[in-house]
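Accompanying notes for the structure given below.
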Amino acid sequence: MTEQPSRRLLLVHAHPDDESINNGATMARYAAEGAQVTLVTCTLGERGEVIPPGLAHLTGAALGQHRLGELTAAMSALGVDDVRLLGGPGRFADSGMTGLADNDDPACFWQADVDQAAALLLEVIREVRPQVLVTYDPDGGYGHPDHIQTHRVATRAAELAAEAGLGIAKTYWNRVPRPVAEAAFARLADDLPGLPFTAAAGVDDVPGVVEDARITTEIVADGTPYAAAKAAAMRAHATQIDVAEPYFALSNALAQPLFTTEYYELVGAAPAGARERDLFAGIEQAR
Ligand SMILES: [Zn+2]
C-alpha cells in the first residue's frame with residue numbers, strides 16, 4: 001500500500017464550481033504543500049443555468065457530463081488529483097433551486113436518504129482518513145437544497161466516522177466575514193463602471209456571511225500563486241462562472257467579489273485569540 005501524506009483534507013461540496021469559489025486557494029495551497037486533498041462532490045449540477053450562449057444547448061445529463069469535464073479542468077488548475085462524485089457520477093441528481101418541482105424528483109440529492117448517502121461518504125473517509133473536513137453550515141451557506149443536504153450528509157458521515165474510531169479532528173464551515181464582504185462590495189460599487197457586468201450583487205447574495213466574531217481561521221492567499229490558481233479554476237467552470245478578476249458573476253450576471261483569502265469557522269470551538277492560518281493547526285500528524 002502506498003504511504004499516505006501526513007496531512008489529509010476532505011472537502012464535501014454540492015455541485016462542480018462550489019469547491020473553486022469557496023476553497024480554491026485553500027485547495028491549491030495544501031496540494032502544493034504535499035497534503036492529500038480529496039474533493040467529494042455530491043451532484044453533477046445538471047440543473048444549473050448555463051452562461052455562455054454557445055453552450056446553452058447543454059441541459060440535463062449532457063450538462064452534467066460537461067460540468068464533470070469542467071470540474072476535472074478546475075482540479076488540474078488547483079493541482080488536486082483526488083476528486084470523486086458521491087456514489088459515482090450521476091448517483092444523485094441536482095435538486096435545482098429551492099421551491100422548484102425538481103426538489104421532488106426521487107432521484108435528486110434532496111430526496112436522498114441521509115444515512116445511505118453518508119455511508120457512501122464514510123467509505124471515502126475510511127480510505128482517506130482525513131484529519132480535516134470542510135463543508136457548509138446547516139443552512140448550506142445560502143439555503144440551496146443540495147447545499148443543505150451536503151451539510152447533513154457530511155455531518156452524519158463525520159458522526160459515523162467517529163463511531164467507527166476514524167474520528168476527524170476538525171470540521172470547518174465555509175464563511176465570509178461580514179466586514180470583509182461589505183468592504184469588497186464598496187470597492188465593487190466604485191469599480192463597476194469599468195467591469196463587463198452591468199449590476200452588482202449584494203452582501204446577502206454571498207453564502208456563509210457571518211459576523212467577524214465567528215471566524216476562527218483564514219487562509220490568506222492574496223497575490224500568491226494560489227490566488228491565481230483559484231481564478232483559473234473558477235474560469236474552468238465556464239458554464240457557471242464569468243470571471244473578471246477580482247470579481248466574478250454567476251448566471252444572474254451580478255458582479256461579486258472573488259475572495260482570495262478564504263475564511264472558516266471551526267465547528268464546536270469558540271474563537272479565541274488570533275485566527276488560525278492553517279486548517280491543520282494543533283493536529284498531531286500521526287500516520
Ligand atoms: Zn452549489
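Glycine is no exception: its Cβ is also placed from the backbone N, Cα and C atoms.
In TrEMBL this protein carries:
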- His15, Asp18, His147: Zn(2+) binding site (BINDING)
- Would you mind listing, in sequence order, the residues at least six apart from His15 (Zn(2+) binding site) in the same chain with a Cβ closer than 8 Å to its Cβ? Thr41, Cys42, Thr43, Leu44, Gly45, Gly48, Arg67, Asp94, Asp146
- Query: If one looks at the chain holding His147 (Zn(2+) binding site), which residues at least 6 apart in sequence have a CB under 8 angstroms from its CB?
  - Reply: Ala14, Asp18, Tyr136, Asp139, Gly140, Gly141, Pro207
- State the count of C-beta atoms found within 10 angstroms of the C-beta of Asp18 (Zn(2+) binding site), not counting that atom itself. 27
- Message: Can you give me the residues near the recorded Zn(2+) site, meaning same chain, not His15, Asp18, His147 themselves, Cβ no more than 8 Å from the center of the site's Cβ atoms?
- Response: His13, Ala14, Asp17, Thr41, Cys42, Thr43, Gly45, Tyr136, Gly140, His144, Asp146, Thr150
